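If you check TrEMBL, you get these features:
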- B:6-27: transmembrane segment (TRANSMEM)
- B:66-88: transmembrane segment (TRANSMEM)
- B:100-122: transmembrane segment (TRANSMEM)
- B:134-154: transmembrane segment (TRANSMEM)
- B:174-192: transmembrane segment (TRANSMEM)
- B:235-252: transmembrane segment (TRANSMEM)
- B:258-284: transmembrane segment (TRANSMEM)
- B:296-314: transmembrane segment (TRANSMEM)
Amino acid sequence: MYVQLLDLACGALLLTAVLVLWRRELTVIIRMFALQGAALAVLVGVLAAQENSAELWAVAVGVFALRAVVLPYLLRRALAGAGESRRETRPLVNVSASLLAAAVLTLLAYAVSQPLVELAPSAATQAIPVGITVVLIGFFVLVTRRRALSQLVGFLLMDNGITAVGFLATTGVGLVVELGVSLDVLLAVLVLQVLTTRMRETFGDTDLDELRELRD
Amino acid sequence: MSALGVIGGVVQPVLIVAGSPLLVGLMRQVRARLEGRAGAGVGQPWRDLRKLLRKERIAPRGTSEVFRFAPLVLVATTLVVAVVVPFVATESALDPVADLFAVVALLALGAVALALAGLDTGTAFGGMGASREMTILALVEPTLLVAIFALSVRVGSTNLGAIVSSTLHDPARVISPVSLLAAVALIVVIVAETGRIPVDNPSTHLELTMVHEAMVLEHAGPDLALVELASAMRLSVFLGLLANLFVPWGIATEATPLALLIGVLALVVKVGVLGGLLAAGEVFVAKLRLFRVPELLAGSFLLALLAVAASFFLA
Amino acid sequence: MNLAATGMAAAVAIAVLTALLAVVVRTRTSVVGVGTALTGVAAVVAGAAALAGGSFSVVLPGVLPLSGVSLTLDPLGGLFVAVTGGVAVAAGIYSMSYADTPDLRARGVRVALPLFVVAMVLVPAAANVGTLLVCWELMALTSLVLVVAEHRRGPQVASAGRWYAVMTHLGFVSVLIGLMLFVAHTGDDSFAAMREAGRHLSPAVAGVVFVATLVGFASKAGIVPLHAWLPRAHPEAPSHVSALMSAAMVNLGVYGLVRVGVDLLGGGAAWWWLLVLALGAVSAVYGILQAAMSSDLKRLLGQSTTENMGLVLIGVGAAGLFASSGDRALAALALTAALVHVVGHAAFKTVLFLAAGSVLHATGSRDLDALGGLRPVMPVTTAAFGVGALAASALPPGTAFVSEWLLLQALIHGLPAGGVAAAIAMPVAVAAVALTAGLAVATFVKAFGVGFLAKPRSEAVAGAHESPFTMLAAMGIAAVVCVVLALWPAGILPAVQAAAGGVAVSGDVTLRLNQATGALSPLLLTLGLVAAVAVVAAVMRAAVARRVRREARLWDCGGGPMSARMEYTATSFAEPLQRVFDDVVQPELDVDVSHHEESRYLVQAVEYRRKVPDRIERRLYQPVLSVITAWGRAGRGLAPGSVHRYLGYGFYAVCGVLLLLAVTR
C-alpha cells in the first residue's frame, strides 16, 4: 500500500511536469504546477505516515500550503496583470521536440541517479530518478520558454524536483531547512514577479528576448 | 487449441461483427444527446449498412483489383484480430497469432490496404487521404510499440493471453504508474488509429480536414458497407483491447456457459462504457490541425516511454 | 573433398571461365548471365553445405605472397555465401536480357560481373587477413567498373562512381589499419591464430582494432554517417548490379563486423556494442526518413538499404551487449534476428531492384512523379514489386515482419538482463525500430501506390510494355523466395542459428523462443487471413443482391474528367511527413508565384520546387571537401608544369630523408 501510494505520487509528479511542457496556455500551466505541489505534499504525507513523524506531517502541510496554494495564487495574480499574453506561443524549441527532449532527459536522469539508488535501495530511493527528471524538465522549461511567467514555473518545477529528491533520499531534511528553502523560494517568486511587472511596464511585453535590448 | 479457445474464437468475431455498428450507434447517440439533439437511434448504423448492401456495385474507371480487394482485406484483418485477441475468453483459438505485435501489425495491414485503394483511384482526394493516413500511422507506431513494451516487460511476454491472465492474477498492478501512463498513451494512440476527434473527424467531408473519409470517397454500395463495418469493428477491437489489457475482469477463464455469458456481458459493458466516455469527451474538444497531431503523438510517445521508465524506476 | 569445397571450387571455376570467355571470344550476353547464375548456384550449394555442418578448410600457399590464400567455410561464412549466391542467381538470369544494351555489352563490364560475384563469395570464405583484403579489394574494383558501366548516360554516373571509389577505399584503408594492428599483436595473420590471441589483447588495442574495422565495414554497409556513396551508386548502377550491391555486397559489411567483433575479438566491452546499436538506430531512422522523402524509385530503394542495415546493426549491437553481460541465450536470439533480417532483406531487395529495373527498362524513367498506371501494362512486374514492398514494410505476411518480431522480442527480454545500459538502450531501440517500421510502411505504400497504381503520369509510361521473359523469371524466383521466407521462416532457422552460434528459436511452423515465452506463426496467421478473406467474400456474395459491377466515373467534383496532372504524386504524398520532420531533414523549399500583370490577386502560375538534401552529408562532408579543394588549389602553385621541377622535388625529398636519417642516427 505504502509503495503503491508512493509510486502514484511520483507518477503524478512526473505527469504534471510533462504537462507543463506540453500545454501552451499559461493558466493550464499554472494549474498543473498547483497539482504538482499537491502531489509533492502527498508524497511527503506518505513518507510521514510511513515514518510516523509529526514533524514530517507538518512539513507536508507546509508544502501543500506553499506550493499548491500560495505560489499558484501569486502566479495567477501575475498572469491576471499580464493582459493578453496568456499563451506560450513560440517556445524556442517547438513542443514536439521538447517532449522528445524530455524523453531523453528521463533516461539521463535514470542513468545518473543509479549510483545514488544503489547506496540504499528502497522504495523511496528508487523513485529518486523521478525527482531528478522533474529538475531537468524544469531546467529545460527555464531554458526554452520565452514568457517570463512560464520561466518562473520552470524555476519552481526545479525547486519541486529538488525538494522531492531531498525527501526521497533522506526521508526529510528537517523542518528548519525546509522552512528556510520555502522562504527562499517565496522571496524569489516575489522578486521575479516584481521584475515581470516592471518589464511589462517598460516593454509592454514579457518576452524575455526583449531584454537583449538592454545590452545595446 | 483448447475448448475455451475454440469457443472464444467463434463467439468473439460474431459478437464484434454484430455489436460494433451498435457501438457506433451508441456513440452517435451519446453525442447527439449531449448536443441537445434527439439522435437517430442506436440501430441506425445497421440500417445504413442494410441500405448500402442493397445498392449496385460500382467499379470506378481506371481502378485495379487493389481497389476492389481493399475492403475485403480490411474486414478480414479485423476479423482475424477479433478471433485471436482474448476478448471473451483468456485462451486464444490461434495462440501463436495472439501476439500483441502481430495484432498491431495486422490492423496496420488493413489501413495499408485502404491507403493503396485510395491511391489506386488516382484522384486527389484518394491520394490526400492515403498520404495523411500513412503519416499518422508512421507516427503512431513508436508510441504503440513502446507502450506494448511497457506492458509486456513485467510479464516477460508479448502474448496477449499471458498479459491478460497475469493482470487477472495480480490486480494491484492496474493502479501502478506503469499501467496508468501506458493506458493514457494507448488511449491517444487508439484515438489516432480509429480516426476520432481530435485527430480526425469521422463525420466530416471537408477536404481540409478529412483523413479517413478522403481515402474511401470512391467506395460505394456494398464496398462502402464493408469499409464502414470494418471501421466500426476496428473501433470495437481497439476499445476491447484497451479494456482487457487494463481491466480484464469478467473474462472467461473456463469453458462453462455461465463464465462465457459473463465474459460476453463484461465485454459489452466495458466497451460500451469506454465508447460512451470517448463520445462524451469528443463533444468537448475541437479537431486538431493536421500539423498539430504530431505534437499530440509526441506527447503520447513520451508518456509511453515514461511508462517503460517507471517500470524500472519504481520497481 | 566435401560438398562445400566442391561448391566453392565450382563457383570459382565457373566465374573465371565465364570471365575468360567474355574476354577471349566475346560471347553473347546471355552466356555471361548464365555463367553468373551458375556461379550463384554453386555458391548456394557450398553455403548450404557449410550451414549443414560440412565446413572445409584449404590453404594454397603459393597463390598470394606472404601467407598465401587460405579459405575456410564455417556456418557464419556459409550463410553469407549462400545469400550472395542466391542473389547472384536472380541477377544473372535477369542480366541475360537486361544487360543486352550497348553500354552493358562492353567487354570490361561483362568480365566484371562474374568476377564481382565470385569476389563476394570468397570474402566470407577467407581465412586469413591477406585473402580477406585481396578479395575485398577485388569486390570493390569490379563493382566500381559495374557502377560506371552506363557512364554515357550523364555526368551523374561518373560522379556516383567517384564517390563510391573514394568512400570504399577509405573504408578499405580503415579495415586495413585495424587488421594490421591486430596482426601486429598476434604475429600471424590466419584467423585461427587471431581468434586465439584476440582474447588476450589489451582492451585499448582491441578497442582501436574494433573501431577501425567498424568504420570500414560500416562504410561498406552504408551505415550513417558513411552512407553518402550508397544513394548515389545504387541508382546509377545497372539494376541487376544494384540488386547485387544492395542485397549481397552491403551484407558483407555486417559479416565483417560479426567476424572481427564477435568471432576474432571474442565479444569485447559493452561500449563497442552500444556504439554499434546507436549507429544502427540512427541509420535505420535516418535512412528510411530519406527514403520516405525520395521520389526517385531506385534512390529510395538504396536509402532503404541503409535503413535495413541499420536494423541489422541494432540486432548485432544488442547481441554483443547481451553477450558482454553474459546472457548467451539472448545474444543468440538477437543475432538470429539480425541474420534472419539479412536473409530477408537480400530476398526482398533483389525483387525490388529487379522490378525497378524492369520499370526503368520499359519506361526509361525512375522518377515516381512521372510513373503510375503500370498495373495494366506490366502486371508481373507490378505483382513482383508488390510482394517485395509488402516484405519490406514489416507487415504480416512479410519477411521483414518475422525478423523485426524476433528483434523486438530480443529487445524486450533484454531489459531485465543488462543493467543501466540496457535499461536505457532497449526502450530507445524499440522506439527506433518502431518509427522505422512505421515510416517504412509509408515509404513502400508511396513507392507501390504512386509508382504502379492509378493513372500514368507521363507519356513514357503510357507506352510501356512488359519486360522479356528472363527478367520476369528472375523477379519471379526472387519473389517466390520472399514468399517462402515470409510464410515458413522456420525453414531457414536451423541454418541461421548455426551461423549465429546458438539455438534461441525452435519450431517448424510456429517460432517459439527457447529461453522466454513468445511464439509466432506466420503461416497460421496468413492462413487465418486468407480464410477470413474467403469468409467475407462468401458472405458478401450471399448478401449482395446485385453482383455485376457497373463502371462509373470517378468523383471529379463536377469539374469534368480528371487528368493525370490532378493525381497525387510522390512529392505530395511525402509532404506531410516532410513537414513533421522539418527540423530533421530541413528541406529546401522554393515557391514562385507569378502574378497577372493587371492585378496581383490574379495568379498566373505557381512554381513549387522542393529538394531534400542529405543534411548529415552537407554538414559532415562539405567542410572536408572544401578543405581538400582549398588544399588542392594551394598546391597548384607547386605544379607549374616543368618536368625538371617535378624531378627536383623527388631529388630534394630523397636528400632530405637521408639527411634526417644521418642526423637522427
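Note that Cβ sites are derived from N, Cα and C of the backbone, with glycine treated the same way.
Note that this is a predicted model, so its numbers are computed, not measured.
Count of Cβ pairs under 8 Å against the transmembrane segment (B:296-314): among B:6-27, B:66-88, B:134-154, B:235-252, B:258-284, the largest is for B:134-154.
Remote same-chain residues near the transmembrane segment (B:6-27) are listed as 40-46, 49, 78-79, 82-89, 91-94, 229, 232-233, 235-237, 239-240, 252, 255, 260, 263-264, 267-268, 271-272, 275-276, 278-279 (criterion: CB distance under 8 Å, separation of at least six residues from the stretch ends). Among B:66-88, B:100-122, B:134-154, B:235-252, B:258-284, B:134-154 has the largest number of CB pairs under 8 A with the transmembrane segment (B:174-192). Taking Cβ pairs closer than 8 Å, the transmembrane segment (B:100-122) reaches residues 60, 62-64, 66-67, 69-71, 73-78, 80-81, 84-85, 129-130, 133-134, 137, 141, 144-145, 148, 151-152, 158-160, 163, 193, 214-219, 227, 230, 234, 237-238, 241 in its own chain, all 6 or more past its ends. With a threshold of 8 Å between CB atoms, the same-chain residues lying at least 6 positions outside the transmembrane segment (B:66-88) that come near it are 8-9, 11-13, 15-17, 59-60, 94, 97-98, 103, 106-107, 109-111, 113-114, 116-117, 120-121, 160-161, 164, 218-219, 223-224, 226-227, 229-230, 233-234, 237, 240-241, 244, 248, 251-252, 260, 263-264, 267.
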